[in-house]
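Pulled from TrEMBL:
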- S67: active site, proton acceptor (ACT_SITE)
- K70: active site, proton acceptor (ACT_SITE)
- S124: active site (ACT_SITE)
- K231: substrate binding site (BINDING)
- 31-261: domain 'Peptidase S11 D-alanyl-D-alanine carboxypeptidase A N-terminal' (DOMAIN)
- 1-24: signal peptide (SIGNAL)
Amino acid sequence: MPKFPVFFLSLALLCALPPAPGAAAVQDVAASVAQPQIAAGSAMIVDLSTHEVLYSSHPDLVRPVASISKLMTALVVLDAHQPLDEKISVDISRTPEMKGVYSRVRLNSEISRHDMLLLALMSSENRAAASLAHHYPGGYDAFIRAMNAKARALGMTHTRFVEPTGLSAQNVSTARDLIKLLMATRQYPLLGQLSTTRENMATFSKPAYTLPFRNTNHLVYRDNWDIQLTKTGFTNAAGHCLVMRTVINQRPVALVVMDAFGKYTHFADASRLRTWLETGEIKPVPASALAYKRERAGQLTASND
């Protein structure tokens, strides 16, 4: 089997990723003679079999997570064991962050809870994510509490949610915490199926209409990627974000990229990291992306102090 171009430092020098309850500890952080250059402000890759950290860059910097929030939204929905075939209405009344946000999905129309999950994960549909929270046992506020309780249960100590879509900059986490979330998704196989769906024609009722949706992760359309779960995110505060469970160099990995500049830069970073892990080759990063990274680093370091 090909080997990664990395060597592992001792535990005395580098701390391991704290384990979530019931999960195996993540081992030593990997180091490389020549680290790759990436555009993202934070990133982390962990081998899901050995729990080795294969790459990390500012993994503990707290940042807005944008629509990566929807992955936690989906976990909370499935934990409630509500009927997935139940038709629920599109409702954003308790989500003030949705005010003025465009969506093709009509308010008060209905679709199954399963398809709401599909649209939230595959196409990052904000009204779908908000509606799932509105139809939670105990109501919207109980849903937000459940999101934060789930984060605590997974050991995501630097993560906080105030709403289910990711539109709020107060939904924050770290690359290290998001690795823990990705690890937890292995217990929810439906999320992998939904999040990697390439296209879907959604059928709504009351009134009856259909809408086409596509996956927001351009890498799912490439046959040279084996993506088992994914979520993208973007807001001005969060930058472009990407999380995936995938296979690199024949190893199952969790990959997190946070706060990248440009519409496709987070995908390019994933490809840069994959190339480096497989071949040792370091791909260049556009100057504009590096300038953005430097500017954001100063802003976020100050806010994390």
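Glycine residues also receive a Cβ, built from the backbone N, Cα and C atoms like all the rest.
According to DSSP, S67 (active site, proton acceptor) is assigned to a helical segment. Non-local contacts of K70 (active site, proton acceptor) by the CB criterion (under 8 A, 6+ apart in sequence, same chain) comprise A120, L121, S124, A129, P164, T165, G166, K231, G233. Confidence in the domain 'Peptidase S11 D-alanyl-D-alanine carboxypeptidase A N-terminal' (31-261), given as mean pLDDT, stands at 98. Around the Cβ of S67 (active site, proton acceptor), the same chain contributes S124, N126, A129, T165, G166, K231, T232, G233, F234, T235, C241, each under 8 angstroms and 6 or more positions distant in sequence. When Cβ atoms from all protein chains are considered, those within 10 Å of the residue listed as 'substrate binding site' total 30, not counting its own. Cβ-based neighbour count (10 Å, all protein chains) for the residue listed as 'active site' stands at 24.
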